Amino acid sequence: MIFVGFGFLMVFLQRYGFSSVGFTFLLAAFALQWSTLVQGFFHSFHHGHIYVGVESMINADFCAGAVLISFGAVLGKTGPVQLLLMALLEVVMFGVNEFVLLSLLGVRDAGGSMTIHTFGAYFGLVFSRVLYRPQLEKSKHRQGSVYHSDLFAMIGTIFLWIFWPSFNSAPTSLGDVQHRTALNTYYSLTASTLSTFALSALVSGDGRLDMVHIQNAALAGGVVVGTSGEMMLTPFGALTAGFLAGTISTLGYKFLTPILESKFKVEDTCGVHNLHGMPGVLGAFLGVLVAGLATHEAYGDGLENVFPLIAKGQRSAKSQAVYQLFGLSVTLVFAFVGGSLGGFLLRFPYLDSPSDSQCYEDQIYWEVPGQHEPEAQTPLNVEESDTRA
Amino acid sequence: MIFVGFGFLMVFLQRYGFSSVGFTFLLAAFALQWSTLVQGFFHSFHHGHIYVGVESMINADFCAGAVLISFGAVLGKTGPVQLLLMALLEVVMFGVNEFVLLSLLGVRDAGGSMTIHTFGAYFGLVFSRVLYRPQLEKSKHRQGSVYHSDLFAMIGTIFLWIFWPSFNSAPTSLGDVQHRTALNTYYSLTASTLSTFALSALVSGDGRLDMVHIQNAALAGGVVVGTSGEMMLTPFGALTAGFLAGTISTLGYKFLTPILESKFKVEDTCGVHNLHGMPGVLGAFLGVLVAGLATHEAYGDGLENVFPLIAKGQRSAKSQAVYQLFGLSVTLVFAFVGGSLGGFLLRFPYLDSPSDSQCYEDQIYWEVPGQHEPEAQTPLNVEESDTRA
Amino acid sequence: MIFVGFGFLMVFLQRYGFSSVGFTFLLAAFALQWSTLVQGFFHSFHHGHIYVGVESMINADFCAGAVLISFGAVLGKTGPVQLLLMALLEVVMFGVNEFVLLSLLGVRDAGGSMTIHTFGAYFGLVFSRVLYRPQLEKSKHRQGSVYHSDLFAMIGTIFLWIFWPSFNSAPTSLGDVQHRTALNTYYSLTASTLSTFALSALVSGDGRLDMVHIQNAALAGGVVVGTSGEMMLTPFGALTAGFLAGTISTLGYKFLTPILESKFKVEDTCGVHNLHGMPGVLGAFLGVLVAGLATHEAYGDGLENVFPLIAKGQRSAKSQAVYQLFGLSVTLVFAFVGGSLGGFLLRFPYLDSPSDSQCYEDQIYWEVPGQHEPEAQTPLNVEESDTRA
């Protein structure tokens with residue numbers, strides 16, 4: 001349930017705090033239930049019963065994580081019913097993709113660089129692309145943050161940063177592997193935090209830092225070791241991976257996000273492409289590399305816990321690497337198909353999506369204290385002077 | 001100590017954030033110490049010494065939880081000295097009630113639907129009734145929330161939501177029972193969250209959501225399985241319980257709270273009747289039902305951990321159910337007697353309670369930055385000079 | 001990584017929230033990496049390799065804690081590069097001091113009253129003294145808090161309060177000792193919280209509470225049992241220690257901090273002398289006392305886990321007490337030498353430190369939303385229309 005922490009990461013929008021944290025809550029509650037069923041059907045369906053336990057709880061949590069990542073791409077432009085329908089489809093696609101990767105292909109992805117982050121990000125981005133609104137600039141003035149909303153978002157960042165070593169190591173086998181995963185994640189996060197600060201100052205022009213980069217790119221180190229965290233990545237490898245992840249993530253926020261929007265019509269509200277998409281794909285490639293280098297000497301008796309098929313002699317390290325790469329391709333295909341399908345089914349404004357001029361605005365969906373008529377006067381005078389100040 | 005998370009749930013009031021979180025802290029620190037003594041006297045007093053351990057820490061924490069629930073009913077209308085005296089009495093009543101239920105009657109109530117939630121809520125409500133102020137509307141303008149105070153309160157909600165499975169399972173026996181309790185709580189919380197969103201939109205008239213419902217009723221699923229969480233509730237049972245709890249809680253906020261105030265003169269600031277009172281009683285009934293259905297077949301060897309008296313053959317499932325029901329009655333009696341007693345002893349304004357026009361106002365008790373004279377001009381200028389300071 | 005919680009404790013400044021939490025993040029990420037190397041070199045360097053594990057992670061976390069404490073003393077008056085250079089030096093000094101105390105002198109200091117709190121506080125205070133700015137009053141108007149920044153800081157307080165029993169017990173040996181440490185910390189924290197409330201009201205003149213006291217002094221109970229928490233302190237001892245710690249800490253904020261600034265030219269932004277300095281030294285003395293009273297009878301078989309040298313007969317309880325006292329002296333020497341050295345190396349304004357009139361101001365280092373020109377108009381109009389809306 002820890003993924004609800006994502007909710008606060010999205011509170012940065014000046015007029016969308018209730019929806020960010022509220023719909024996170026709604027989506028998580030729905031996805032946790034629905035994915036317990038879907039994943040139970042794939043993984044623990046015996047004699048007409050689904051068996052549940054702590055493991056199914058962790059799996060459902062990870063699936064909810066992917067849904068919340070996709071939510072980040074369309075934040076502010078969709079209504080709660082639309083989001084629930086998106087989750088309805090995404091949970092199924094997630095379950096199928098995870099089943100294909102982990103059970104059919106024997107791919108390793110404990111912390112979900114592929115199954116959670118790559119899948120969630122590209123599902124959301126394609127979904128956002130299909131729902132593209134040419135008139136979105138009518139809501140542009142509400143898209144920024146204000147001082148306190150940025151501080152709220154930092155609560156989410158710190159919460160996720162502290163608990164990320166636990167996320168990545170939760171589904172691994174106990175003992176050595178779990179400790180190794182936690183340590184690799186820890187090193188990678190510290191490195192991505194440093195590279196984010198350095199890059200943010202470097203690319204800003206005037207040497208000042210951008211809160212958006214810190215809030216997000218500092219976490220990219222957790223994403224990038226999602227696949228390889230349980231493997232013999234070594235501390236040096238984890239630091240390098242984290243450094244790269246923080247770097248591409250920050251550069252993505254600065255240079256790629258505007259291009260994605262202007263050229264490719266992909267409006268990515270939270271920049272999930274930078275925090276989950278690119279670092280997820282990088283993490284998948286890192287997994288290919290580290291799996292391909294696996295030897296009996298390096299892992300000893302622990303090989304069985306990380307690469308059971310190699311330990312049993314059914315697969316060489318090289319072929320495991322090929323399977324990892326194939327797993328990434330499968331994930332991207334499922335994400336694109338799922339996101340397109342979801343987008344086309346839900347793109348018409350017959351649902352509860354806000355109009356072009358009402359995006360990023362809480363009072364469409366919430367009774368906001370102190371404001372009884374929707375859009376009465378300039379409803380946003382509120383924070384306007386705020387940002388003008 | 002985790003119950004301090006309640007503090008943030010109460011921060012929703014626009015001008016009472018310091019007091020909400022500060023007095024939570026004060027009451028928790030006092031109740032933890034005092035209940036270690038009181039409960040130690042009942043449960044682990046041997047040869048003139050009280051024995052303490054992790055278990056006594058958890059027990060004290062649960063007692064502090066009950067005190068904080070009662071605080072929620074009178075939030076904004078009482079001073080810290082008055083609250084400490086209330087806690088002085090309530091901790092004793094809590095200890096006696098818990099001793100009668102768990103030790104004398106052999107009632108099961110691991111997560112405290114009765115001992116914590118029902119007791120805390122009705123103690124607080126009766127206490128609030130006795131302290132009823134006919135002139136409270138003088139402070140009405142300060143009773144609402146503002147945008148950021150609602151976001152702060154959501155921090156409390158999310159914190160409690162994430163940790164509730166751990167609360168309910170903390171005092172159960174290790175292993176299977178603990179896992180079952182966590183899973184049941186988890187399913188119930190997801191269901192109450194969904195039903196809260198649905199009901200909140202349904203009852204609002206214009207389809208918009210009310211942040212107060214989400215902040216509170218979404219947690220009712222944790223309360224309702226406090227008794228039956230360790231039992232063979234089944235996932236379906238947990239989901240149903242959570243759904244009902246979220247529903248009655250939301251309906252309570254919408255329809256019952258105004259009636260309680262206007263007709264019964266019970267002013268319930270945080271709506272503890274909706275989050276703890278009704279779901280607690282419902283949880284107690286659910287415990288009666290599930291205990292009455294207990295069989296050796298369903299629990300196997302685990303029966304001894306959940307119903308030791310049934311396992312030893314000293315009691316039938318049916319008679320356990322009767323004892324559970326009797327436990328609820330005892331709890332309600334102790335809560336009403338305790339709350340009345342507390343109210344009558346503390347109702348005179350000789351203590352530090354605020355005057356009718358100064359309720360829900362921090363600066364009576366706190367040096368609020370930027371405001372040196374209490375009640376200077378319109379009370380909400382507050383933030384003006386605040387920020388200018 | 002849990003020490004990042006300190007970040008929020010420092011968010012109380014009205015215009016320095018981004019820097020408080022951002023630079024905490026930056027310093028923690030850097031210190032965690034650098035101290036893994038430095039401490040690895042001292043404690044687990046074998047055959048040319050540093051061995052890492054969960055223990056080295058906890059050690060690095062504690063070192064980062066000391067760096068963040070020092071940061072609290074100079075908060076608002078230093079730039080990020082200057083802080084990183086401070087951390088570069090401080091981590092080395094911390095590592096040497098810890099090695100001398102724990103490995104060479106056989107001093108016990110599980111929760112770090114000496115190695116973390118005393119060291120971090122006096123390093124920071126001496127550093128701040130050397131960097132003293134006579135013209136700092138030019139930034140005085142930004143040194144206070146505002147309503148919401150104080151609430152943000154309380155998030156840090158509550159987070160640290162809840163997790164402090166885990167901090168202090170993390171590095172102790174498992175089982176009994178760990179439980180005892182957690183319980184002692186818990187009792188001490190509850191006592192310091194109560195004494196803080198009482199003293200804060202007593203010293204205020206008008207009976208009102210000061211949020212600064214609650215945010216900080218309530219935590220002094222965790223600091224004061226850092227050394228003796230794992231020892232046979234007894235609940236009564238822990239309560240007394242906490243009571244004293246909360247008392248001196250509150251009195252320190254009220255009376256000592258202004259004197260330190262006006263007479264001794266030590267400007268201590270967060271009051272680390274009150275929360276970490278004095279309670280840390282008090283905790284070290286408490287350790288001397290409790291160690292000196294250690295007997296085989298009181299500890300039984302557990303003596304080996306707490307005082308291995310006494311258990312092996314290599315040291316008497318009295319001589320252990322002397323070593324503890326000597327450990328405090330060594331820590332103070334290292335802190336003074338380190339802080340002075342750091343201050344002299346970094347005191348010239350050639351680095352990125354803000355000018356005298358730009359202290360406690362985010363926009364020197366951050367792109368603050370809605371504010372493109374530093375200090376345009378009254379920058380803080382912000383909340384005005386907000387609350388009125």
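Positions of Cβ are set from backbone N, Cα and C atoms, glycine also.
The feature domain 'Ammonium transporter AmtB-like' is assigned by TrEMBL to A:1-346. Feature annotation from TrEMBL assigns transmembrane segment to A:56-76, A:83-105, A:111-132, A:144-164, A:184-203, A:276-300, A:321-346.
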Contact set, same chain, for the transmembrane segment (A:111-132): CB under 8 Å, 6 or more residues outside the stretch: 62, 65-74, 77-78, 86, 90, 93-94, 97-98, 101-102, 167-169, 171, 181, 185, 222-230, 264-268, 272-273, 275-277, 279-281, 283-284, 286-287, 327-328, 331-332, 334-336, 338-340, 342-344, 346-347, 353
Seg_contact(the transmembrane segment (A:321-346), the transmembrane segment (A:144-164)) with at least 3 CB pairs under 8 angstroms, min sep 6: no
Same-chain residues near the transmembrane segment (A:276-300), Cβ under 8 Å, at least 6 residues beyond its ends: 69, 72, 108-109, 113-114, 116-122, 125, 220, 223-228, 231-233, 237, 241, 244-245, 248-249, 252, 306-307, 310-311, 317-318, 320-321, 324-325, 327-328, 331
Within the predicted model, mean pLDDT of the domain 'Ammonium transporter AmtB-like' (A:1-346): 92
Selected stretch (most C-beta pairs under 8 A with the transmembrane segment (A:184-203)) from A:56-76, A:83-105, A:144-164: A:144-164
